[in-house]
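Some notes on the structure that comes next.
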Amino acid sequence: MRVLGIETSCDETGIAIYDDQQGLLANQLYSQVKLHADYGGVVPELASRDHVRKTVPLIQAALKEAGLTAKDIDAVAYTAGPGLVGALLVGATVGRSLAFAWNVPAIPVHHMEGHLLAPMLEDNPPAFPFVALLVSGGHTQLISVTGIGQYELLGESIDDAAGEAFDKTAKLLGLDYPGGPMLSKMAAQGTEGRFVFPRPMTDRPGLDFSFSGLKTFAANTIRNNGDDEQTRADIARAFEDAVVDTLMIKCRRALEQTGFKRLVMAGGVSANRTLRAKLAEMMQKRGGEVFYARPEFCTDNGAMIAYAGMVRLQTGAKAELGVTVRPRWPLAELPAA
């Protein structure tokens, strides 16, 4: 079975083809970072228009990369939510139209389920059950995963997501959009311990997160300690350490609560090297395992959508006859396979 995956939930146009026997056959990605950089964030209307321009050419490029034609595609999977409504509608409309023209099923995919399943694309995929840390610009969640569609929300951010906090703090430090990766690069040059940021909500029970206060703490620290290059690097280091420690503490609690031995980390922030190293060290001490996707599959991409669509189709998902998107779509509402 070969599935064409279409991802257009935000500011990346991702197209991929996944074969259940041969694996990933094609992966095309276009990023709109330069388009939105002057605005300091994603402009929804510009994002939608750029998806219109790029989606079909990238599908053609993916078919060429795989050496396939439309007749070789058995299903089309597209991101139906959550995300920006205009951007989602582009991918959904193209996906549903192609499926109709090619007479194959059209499978709507939950964007965060795509992220959650992305580590399954690797050579050593995680087995169920596991705790999943979904950590990105729009989401920070801990999920108990016992099977496809068997998701229990354990905790989530009550305000800013971790990735959003990274980007906002990076802007305070004078870094360009998207600032998260640049902040991490700056943090690598910082002095450990010069500044100590709080670890939000770790002094009380529960698995929820709160990161908005770290941005305020960073703003006050910047204002009170000057703006030379080393000070900015030290502040970046303190901020990153606080976020990573907070995520690690909550992951440990989730593992203790569930009794699971496997931790899956997914989403754009899961590419953070410090976070990967800290969680790997923690899981080694606990006698467990941590799993994550390669960096290019941590951020938005078509490969995870193609794979998630294939899994859903194989487990009995019904093809969509209409074009429907859900900008807000709780993961827990997905049906169990």
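All positions are counted from 1 along the displayed chain.
A Cβ is built for glycine as well, from the same backbone N, Cα and C atoms used for every other residue.
The DSSP secondary structure for HIS111 (Fe cation binding site) is helix. Within 10 Å of the C-beta of HIS111 (Fe cation binding site) we count 27 further C-beta atoms, all protein chains included. The Fe cation binding site annotation in Swiss-Prot covers HIS111, HIS115, ASP300.
Annotated substrate binding site per Swiss-Prot: LEU134, VAL135, SER136, GLY137, GLY138, ASP167, GLY180, ASN272, in sequence order, evidence recorded as sequence analysis. Around VAL135 (substrate binding site), the C-beta neighbours below 8 angstroms that are at least 6 residues distant in the chain are GLN141, ALA161, ALA162, GLY163, LEU247, MET265, ALA266, GLY267, GLY268, VAL269, SER270, LEU275.
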Checklist entry - So which one is it: of the binding-site residues GLY137, GLY138, which has the fewest other Cβ atoms within 10 Å? => result GLY138
Checklist outcome for this item: Surrounding the recorded Fe cation site, with Cβ no more than 8 Å from the Cβ centroid of HIS111, HIS115, ASP300 and those residues left out, we find GLU7, SER9, THR79, MET112, GLY114, SER136, GLY267, ASN301, MET304, ILE305
Checklist entry - Cα distance, LEU134 (substrate binding site) to HIS111 (Fe cation binding site), nearest Å? => result 11
Item to check | Chain-internal residues, separated by at least six, CB under 8 A from HIS115 (Fe cation binding site) | outcome: LEU134, SER136, ALA266, GLY267, MET304
Checklist entry - C-alpha of GLY137 (substrate binding site) to C-alpha of ASP300 (Fe cation binding site): distance in Å? => result 11
